[in-house]
Each structure stands twice: as C-alpha cells, then as structure tokens.
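Colleague: For 219-610, the entry in TrEMBL reads domain 'Acyltransferase 3'. Per TrEMBL, the feature transmembrane segment maps to 149-168, 222-242, 262-287, 308-326, 371-391, 398-419, 446-466, 486-505, 525-542, 554-572, 592-613.
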Amino acid sequence: MPQIYDYDDYDRCVAGSEDAVYCVARSVIKPDQESSLWRLIEHITNDTRRNFRHDHLDRGFCVDRCRQLVDSLDRQTAEDLFVTKFDIPFPYIISSDAFNNVTGDRERYGRLINICQNYALRQYNLSAYTEIEYCTGPQRTTPIDGLDISFLVISALIVVLVIGSTWYDHHTSKQLGNEHYKKDLPCRKTMVLTSFSLVRNWYRLVSRSKDQLNEDLKFFQAIRFFTFCLVVVGHCGDLFTATSFANTYDRESEYSNPLAHILINGSLIVQSFFEMSGFLLSIHFCTNQAKMKKISWAAIFVTVAYRYIRLTPAYAFILLLHATWLPKLQNGPFWPRGAEVERNLCRRNWWTNLLYVNNYVNADEPCLQQAWYLACDYQLFTVGLIILVTVTKYKKYVVHIFSVSGLIAILIPSLVVYFNHFDGVFLVTLQAERFIYWFDEMYHKIYIPFHTNIGCYLGGVVYGYLYYRVRTSDNKGNRSGFLKFLWYMTVPCAMLTLMLSMIFYTNNFEKPSVWIAMFFPLHKNAWALFGAIVLYGIIYNYNRFVKSVVNFPLFVPLGRLTYCAYISHVFFLKNFFYGSREIGYFSQVSMYTKVISVIVASYILGAIVALTLEFPISALQKHLLSKQLEKISKPEPPKENNNVSPPSA
C-alpha cells in the first residue's frame with residue numbers, strides 16, 4: 001500500500017532559491033473495485049477503530065520538482081493523470097481559512113500537485129484526488145504587526161514591574177535577611193508595591209504552609225505533578241500521529257495489544273484532575289464557611305469573579321504568545337500546520353478562551369486546544385460552588401442534594417451516548433488523532449463539555465465534604481485489612497478498567513443500546529471511586545514509603561507550578577513536533593525523549609510566568625480585594641485549586 005506519510009526533502013527544495021515553494025497536500029485515493037490493492041486498502045480502512053485510513057494520504061511536494069516532472073510529460077498523459085474531486089465521505093483536510101493565502105496557492109499549484117501525485121501512484125495502479133492544504137517557503141514569513149508589538153510591550157512592562165518591585169522590596173528590608181521576604185508587611189500599600197517582587201514570589205513558591213489542613217494535603221502537589229506528566233505523554237502520542245512517522249503499522253498493531261490500551265485510553269486521567277479540583281474546592285469552602293456566620297448567594301458570583309481574575313492574566317499572556325511570535329520561531333514542512341493555524345485561530349477565537357466557553361463555542365477551531373480543560377474546570381467550579389452553597393443553606397437536605405446531583409451526573413452522559421449512537425468509551429482513533437480530534441464528533445459532544453464531566457468532579461466535592469466532617473474526629477481512619485487490600489488493588493484495577501475499553505475497539509456493537517449508554521458514565525466515573533480510595537489511603541498513611549515519596553519537598557513547588565506549566569506545554573509540543581524537518585520513526589524511546597523535553601521546558605516557562613504574573617496577581621487580589629470579599633461573607637476561594645491541568649486533548 002502507499003505510505004500514509006511521504007514528503008519531499010524540504011531543505012533540498014528550498015536550498016539556493018528564496019522563491020522556492022513547498023506545498024503540503026492531502027490525497028484521497030479514488031475507489032477502484034477492479035484493483036485488488038484497492039480492495040485491500042478498503043478492507044483495512046474499514047476497521048476505523050484500530051487502523052489509519054489508508055486511502056487518505058499526507059504528502060509534501062517541492063513545486064519545482066513537480067513542475068519539472070509535469071513539463072516532461074506529454075499533454076495527453078498529463079490530462080489523463082489529473083483527477084477531479086469526487087464524493088469524499090469523511091473530513092480529509094483542514095479548512096483553508098485556517099492558513100494564509102491558500103486560495104491563491106491552489107489556483108497556481110493545485111493542478112500541478114494533483115498530476116504529480118498521480119504520477120507517483122501509477123506504480124500502484126491507483127489514482128487520487130489531491131488538494132493543497134497550505135504552501136510554505138523561505139519568503140513566506142508572517143509580517144510583524146501591531147499585535148506582535150503589543151506582546152513585546154506587555155512583556156517589557158512586566159519586566160519593569162518585576163525589577164521595580166524587587167528593588168523596592170529590597171529597599172524596604174530592615175536587616176531581617178530572607179525573613180523579610182517570607183512575611184507580609186504591616187502596610188497594605190507596601191505589600192501592593194511589592195506584589196511583583198521576584199524574591200518574595202520565589203518564597204511564595206517554595207514556602208511550606210503553616211496551616212495543618214494544607215500540610216495534611218500537601219501530597220496533592222505530587223499527584224498534580226505526576227498527573228501532568230501523564231497528560232504530556234498522551235499529548236505527545238497524539239502529535240506523533242498528527243505530524244508524521246514512517247512505521248504506521250507499529251502504531252496500528254498497538255491497538256491489538258491489551259497492555260497498550262492503558263496508554264491509548266489514558267485520556268481518563270483527566271478525571272483525576274477534576275476529582276482533585278472538586279475535593280479542594282469542598283475542603284476550602286467548608287474551612288472558610290466555618291469561620292463565617294452566613295453564606296450568601298452573592299458569594300458565588302464574587303468567588304467566580306475572584307477566580308477569573310487570578311487565573312486569566314497568565315492564561316492570556318500565553319494565548320497572546322501563540323497569537324503573535326510562535327509562527328516566527330521556526331519553519332519547515334509541518335510548521336504552518338502547527339503554528340500558523342494556531343496564530344490565525346487564536347486571533348479569531350481568543351474571546352472564547354478568555355470567557356472560558358471554548359469547549360462549546362467554536363470548539364472545532366481551537367486556540368490553545370488544551371484549554372478546553374480550563375473552560376470545563378471553570379464551569380465545574382461554578383456548579384460545585386452552587387451545590388456547596390445549597391447544602392450549606394439547606395443542611396437537612398444534604399443527602400438529597402448530593403444524590404440528585406449524582407443521578408444527573410450519570411443520566412446526562414448516558415443520554416448523550418444513547419441518542420448519538422456513541423460507543424461505551426471515548427474512542428481514541430488514529431484517524432481522529434491526525435486532526436487532533438478537530439473533526440471527531442465524540443470529542444465535541446462527550447469529551448470536552450462540562451455537562452458530561454460532572455461525575456468525577458462531584459465525587460471530589462462529596463469526598464471533600466465528608467473528609468472535612470470527619471478529619472477532626474478520626475485521626476487514624478479505617479485501617480481494616482480489607483480496606484488496605486482494596487487500596488493496594490486500586491492501581492491494578494484502574495489499569496484493568498483502561499484495558500476493558502478494548503472491547504469497543506474490537507467490536508462494533510449495535511447502537512443505540514441501553515447497556516452501552518449506562519456503561520459509559522459508570523466506566524468513566526469509576527475513576528472517582530479509585531481516586532477516593534487512593535486519597536483515603538495516602539491521607540491515613542496506609543504505606544509509609546508512598547506517603548514519604550508524595551510528601552517529598554520538591555513536589556510542593558512543582559505542584560504549585562502545574563497550572564502555568566500546563567498552559568505552557570503546548571507551546572513546546574508545537575516546537576518539538578511541528579518543527580521537525582523530516583518524517584520520524586515512532587518508538588517508545590523517541591516519544592519519551594520528547595516527553596521529558598516538553599515537561600522540563602514547560603516547567604521552566606511555567607516558573608517564569610508564575611513568578612512574574614500568576615503569583616503577583618494573586619498577591620494583588622489578596623491585598624486589594626480581601627476586605628470587599630469579607631463584607632459579603634464570602635468563603636475565600638481555594639488557594640491552589642487553580643493549579644490543575646488535563647488533556648487531551
């Protein structure tokens with residue numbers, strides 16, 4: 001069969017000619033039932049759950065080479081090789097408006113590329129319709145505009161604020177040494193002016209909490225870090241497929257390996273973040289609610305707004321980076337698909353991100369695609385806060401409120417699965433990965449909406465509520481042998497749950513089906529049960545070695561940086577994958593090399609953004625808004641609930 005990915009040498013194409021043009025195109029093989037090879041392609045392609053579409057090819061063409069080839073053909077041969085567009089029953093190409101100048105390139109080079117590709121397919125006795133996705137070259141750089149300049153101005157302003165605030169903070173110290181930076185100063189004006197102090201924010205990053213509750217839950221920082229690492233593993237796997245690699249058969253064969261499905265279906269790991277987020281929201285809400293006489297409904301709006309102010313500046317800064325200078329950092333055959341598209345979509349849809357509705361509005365044209373999780377978590381935070389205020393005001397109906405909420409959390413995704421004829425798990429197919437799920441219906445309707453992700457978040461809220469109620473009266477917890485055995489079996493059971501997803505890859509069950517509709521939320525929300533058991537065992541020290549590892553001091557700053565590392569990591573994913581100049585080879589070693597590189601780079605950029613933007617904004621909120629918040633008896637929002645991250649994609 002023709003290779004799925006095949007690209008001319010980019011550097012050879014553009015060497016010595018500033019006017020050289022290199023075009024990347026998508027080809028769809030024309031059905032031909034008289035061809036035995038076509039019938040083989042059709043047979044393999046029909047298994048869409050485990051295989052690539054082998055009738056859908058990615059190609060890179062050096063225009064000069066194709067022109068020389070077509071010029072060497074007689075006119076009739078060239079006419080015979082040209083294939084007009086036919087009915088194509090699947091999404092096969094990214095919309096032209098995501099790139100620059102595609103319409104003109106298609107008019108100039110479309111026919112040429114079409115003939116060139118079919119000349120190459122003659123060895124297979126096949127033909128294809130080929131359409132240019134984008135063209136690039138040495139002269140095709142994006143000009144600097146006002147928005148690009150604005151990023152530099154904002155960055156310079158932040159640097160000036162940090163330098164000025166750090167100098168002022170040092171100037172106000174009175175021979176207290178480092179202790180000066182670890183303590184709040186008595187004057188609120190001085191604290192406001194030192195909010196951007198780099199040294200003070202460094203100590204905020206590495207400091208140990210004196211609050212006993214936060215000290216007991218310190219291990220959450222380690223879980224955040226490890227979960228973020230698993231998220232990066234999943235995203236690297238997606239981008240291997242979205243760019244190109246030679247040994248596609250090896251990737252397909254993984255779908256027949258039960259153990260490989262632990263990683264293939266690892267997208268469920270994002271539910272751990274939702275559960276942790278709900279748990280911390282509940283804990284901090286109950287802690288602060290106990291200090292206040294009453295909780296008003298207005299507290300919900302103010303708390304949500306307070307969280308918006310704290311989360312958004314760092315997020316907006318990274319978004320602006322993607323919309324401005326990312327495309328200017330590299331070039332190559334894949335670079336426009338990763339960077340130019342990001343620039344154009346971020347300039348078009350930035351407002352959906354900053355309003356945290358990008359998982360519903362224009363989700364098929366994503367800016368910072370990983371930010372679907374931020375929107376979903378923000379929406380779940382609001383719902384969780386409403387539930388907690390409700391159970392606080394109507395305490396005698398606590399069980400009823402939580403029960404009805406749990407029933408809704410199961411019923412909604414069940415109905416979505418049933419009426420859309422979906423499978424019992426979110427299918428991570430190779431064809432969907434080629435477009436990073438942009439065209440995947442299940443991704444848009446079941447994976448990223450908040451209303452289908454309520455279950456694990458609600459589980460975290462309920463577990464946090466219960467833990468807060470019993471923590472002061474139950475210091476040792478239930479230490480029965482059965483519960484300890486269950487705790488040790490949780491990780492193997494979670495792996496088996498992921499492997500169980502394989503049945504939906506190997507079987508195409510008749511749909512709609514009631515059992516499939518019920519299986520989906522139960523399978524997904526089992527993660528909440530696993531998470532609760534793991535948290536219980538760590539809190540009550542079931543295993544001293546595990547407790548010592550997750551309480552290792554290094555994880556405290558790493559966990560606090562997870563939010564900024566998460567919003568930064570796709571910047572490096574795009575550079576490491578789309579910046580490649582040639583077709584790679586998929587292997588565990590090559591993938592995990594990139595995983596480690598992305599994690600390290602993300603934490604470096606994340607630390608810079610956190611120390612210069614996230615922590616200063618948080619400090620300003622504390623010093624400027626705390627009194628206003630107290631006036632309406634508002635529970636203080638979770639101090640570190642924003643340090644969470646996904647997906648998936």
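Along the chain as shown, residues are numbered 1 onward.
Each Cβ is built from the backbone N, Cα and C atoms, and glycine gets one as well.
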Colleague: Do you know the mean pLDDT across the domain 'Acyltransferase 3' (219-610)?
Modeller: 92
Colleague: Decide whether the stretches the transmembrane segment (525-542) and the transmembrane segment (262-287) have at least 3 CB pairs under 8 angstroms, with pairs required to be 6 or more apart in sequence.
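Modeller: Contact confirmed: at least 3 Cβ pairs fall under 8 Å.
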Colleague: Using Cβ atoms only, state whether the transmembrane segment (371-391) and the transmembrane segment (262-287) have three or more pairs under 8 Å that are 6 or more apart in sequence.
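Modeller: Yes, since the transmembrane segment (371-391) and the transmembrane segment (262-287) share at least 3 Cβ pairs closer than 8 Å, they count as touching.
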Colleague: Rank 222-242, 262-287, 308-326, 446-466 by Cβ pairs under 8 Å to the transmembrane segment (554-572) and hand me the top one.
Modeller: 222-242
Colleague: Relative to the transmembrane segment (262-287), which of 222-242, 308-326, 446-466 accounts for the most Cβ pairs at distances under 8 Å?
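Modeller: Of the candidates 222-242, 308-326, 446-466, 446-466 scores highest.
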Colleague: What residues in the same chain, six or more past the boundaries of the transmembrane segment (222-242), come closer than 8 Å to it by Cβ-Cβ distance?
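Modeller: The answer is 251, 263, 266-267, 269-270, 272-273, 276, 370, 430, 433-437, 549-552, 555, 558-559, 562, 565-566, 569-570, 573, 577-578, 584, 586, 591-592, 594-595, 598-599, 602, 643-649.
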Colleague: With a Cβ cut-off under 8 Å, give me the same-chain residues at least six positions beyond the ends of the transmembrane segment (308-326) that come close to it.
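Modeller: Result: 147-148, 150-151, 154, 339, 342-343, 346-347, 350, 353-354, 356, 367-368, 371, 374, 378, 563-564, 567-568, 570-571, 574, 609-610, 613-614, 617-618, 621, 637, 642.
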